[in-house]
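Annotated in TrEMBL:
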BINDING   10, 21, 22, 23, 24, 25, 26, 79, 112, 136, 156  1D-myo-inositol 3-phosphate binding site
BINDING   16, 17, 24, 230, 235, 296, 318, 326  UDP-N-acetyl-alpha-D-glucosamine binding site
BINDING   305, 306, 308, 332  Mg(2+) binding site
DOMAIN    23-198  domain 'Glycosyltransferase subfamily 4-like N-terminal'
DOMAIN    213-371  domain 'Glycosyl transferase family 1'
Ligand code: UDP
């Protein structure tokens, strides 16, 4: 493996995750690309140019280039408008490759269905295998819609079905996702390989919560419940607020100590802006305990995890849930919805707790139990659980998938 073309049409690896369309997929691409580059493999990531100021090529890290492809107007184009720009984007990708000698890339790895459509053509044109990671699937999302959410369009379902049929190998985060690809999308089981994602264990380390709380202006004795992620109905930050209100109704004495920290920016449709959560907090009578922070990067995010007694991941669906792993790596137990990949990311009763459904009363009970009674024991196990995951391990597995995809591709071509 000398060179990998990575396709990330709708979101750039250079963006700060935690708002808009930038989330776990961006982190996944950055971490695996830099890990590949450290092994001497060149990685070129193609993404749509969203500003006229962006250079055609930027260096993300030694050995990792980001190619900005012009496809449609730079700004003001929503994700739902991108399918109409795929032809322009693909033309830009093919043009960039055509400047090199034939066989420049060894494999093309597409992320999310929009990129899968581009990868499909690149595979044909370059005669290299296509490896695809869906990250999320429309049929799965539509089965678990939040009340405020809009269903994913049929266009996406059809597009995903095409990519599933055309890709040489499909990478799933968990066995659950692999099953969904087979059961809901009729994927050939032999084509689906499970590769768990990782966590940056150098950045997300356990630490004393007191200095973290001091920086964030939180009292040392506060009971801190945190939500970290894009503010969108699917992530259900509203469930945490409703559960916090329930906790206070049951235990009014907690009011002087409880802090609900909501970290992240708006994304998607429906309950999408922090303003809506601000209104919800006011409606629930808990404005005094809820604090909002914009998306955090670097050490600041690790500080948020360390400052929290519990990180809540109440999502209606989550193909994995990197936030859950990051919090645990910082020694903070996670209370998560028992959906998608979260039962893999969190070990129920060991490194945190899983909750069935989204009923605020049930969430209040489990959050109170973990934050007030079981925090220490779970925290110790949380670090050990998170350490079972690493981006280098993810990268090892991805490289094995690329090699396998290459073999089957050659067998097919020479058959
Ligand atoms: N994130 C961040 N800053 C924030 C909020 C989130 O960097 O303020 C990152 C977080 O560290 C995680 C990613 O965004 O790696 C979210 O990934 P996850 O799998 O939890 O959810 P997704 O965004 O993929 O739905």
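For all residues, glycine too, the Cβ spot is worked out from N, Cα and C.
When the Cα of residue 16 (UDP-N-acetyl-alpha-D-glucosamine binding site) is compared against those of the binding-site residues 22, 24, 112, 305, 332, the shortest separation belongs to 22. Checking the binding-site residues 22, 24, 112, 235, 296, 326 against ligand 1, the ones with a C-beta less than 6 Å from an atom of that molecule are 24, 296, 326.
Taking Cα separation as the measure, residue 332 (Mg(2+) binding site) is nearest to 318 of the binding-site residues 10, 26, 112, 318.
The Cβ centroid of 305, 306, 308, 332 marks the Mg(2+) site; residues of that chain outside this set whose Cβ lies within 8 Å of it are 209, 212, 226, 302, 303, 304, 307, 311, 327, 330, 331, given in sequence order.
Contacts of residue 17 (UDP-N-acetyl-alpha-D-glucosamine binding site) defined by a Cβ separation under 8 A and a same-chain sequence distance of 6+ are given as 23, 24, 26, 27, 295, in order along the sequence.
Residue 156 (1D-myo-inositol 3-phosphate binding site) sits 18 Å from residue 318 (UDP-N-acetyl-alpha-D-glucosamine binding site), taking the C-alpha atoms as the reference points. Just so you know, the Cβ of residue 318 (UDP-N-acetyl-alpha-D-glucosamine binding site) picks up 26 other Cβ atoms within 10 Å once every protein chain is counted. There are 27 other Cβ atoms within 10 Å of the Cβ belonging to residue 305 (Mg(2+) binding site). On the 0 to 100 pLDDT scale, the domain 'Glycosyl transferase family 1' (213-371) averages 95 in this prediction. If you compare Cα positions, residue 22 (1D-myo-inositol 3-phosphate binding site) sits closest to 318 out of the binding-site residues 305, 308, 318. If you compare Cα positions, residue 10 (1D-myo-inositol 3-phosphate binding site) sits closest to 318 out of the binding-site residues 296, 306, 318. Residue 308 (Mg(2+) binding site) counts 31 other C-beta atoms within 10 Å of its own C-beta, drawing on all protein chains shown. Nearest by CA distance to residue 306 (Mg(2+) binding site), out of the binding-site residues 112, 230, 296, 326, is 326.
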